[in-house]
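Novice: Pasting the feature list from TrEMBL:
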- ARG120, HIS150, GLN159: ATP binding site (BINDING)
- ASN149: substrate binding site (BINDING)
Amino acid sequence: TAGIYWIFYARLGGNICAVLRLSGPLKEQYAREHGLDFQRLLDASTYKEAYRRDMIRWGEEKRQADPGFFCRKIVEGVSQPVWLVSDTRRGSDIQWFQEAYGAVTQTVRVVASEQSRQHRGWVFTPGVDDAESECGLDNFGNFDWVIENHGDEQCLEDQLENLLEYIRAKL
């Protein structure tokens, strides 16, 4: 899924498009408060996995106290007109962007069948993959765009091109 956002970045260019990650400031603050290696929390290592459940719990507590905490952090100083928030996982995150930026906010949901996800190496982890951080948007409602990423490269390309055309028309 994250790879799709980098396709947009590459096609629009870094002067037009910024890929923003809510998990960056979350992991940075968590590492600071817990004396951990921030860089190691950014990768898909066993180091990150050892702290993942507690980091999810901690992040939920921060969001409950201030739903826009991480959203505000990622947009500070961003000058590009197109922002792709690659890891929005909660309705409260989308709500924050919609309230802060109104109609220019477009929601994009990338979906893949469980079979295609497993083919890419995904393995379900109880307590993690069924947590709000992973499925909090499953019942969100209507997304402006739904991109199906089931492994059909031409189908994916056609969908991405439609969205890119829409974005370019708005610039």
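Heads up, the Cβ atoms here are built off N, Cα and C, so glycines get one too.
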Novice: For the binding-site residues ARG120, HIS150, which one has the sparsest Cβ surroundings, going by other Cβ atoms within 10 Å?
Specialist: ARG120
Novice: Provide, as an integer number of angstrom, the distance between the C-alpha atoms of ASN149 (substrate binding site) and GLN159 (ATP binding site).
Specialist: 9
Novice: Could you measure the widest C-alpha to C-alpha distance across ARG120, HIS150, GLN159, the residues recorded as binding ATP, and give it to a whole number of angstrom?
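Specialist: Between the most distant Cα atoms of the ATP site, 20 Å.
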Novice: Identify, in sequence order, the residues in the chain of GLN159 (ATP binding site) that are 6 or more apart from it along the sequence and have a CB within less than 8 Å of its CB; answer 'none' if there are none.
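Specialist: Once residues fewer than 6 apart are set aside, GLN159 (ATP binding site) is near ILE147, GLU148.
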Novice: Among all the protein chains here, how many other CB atoms are within 10 A of the CB of the residue listed as 'substrate binding site'?
Specialist: 20
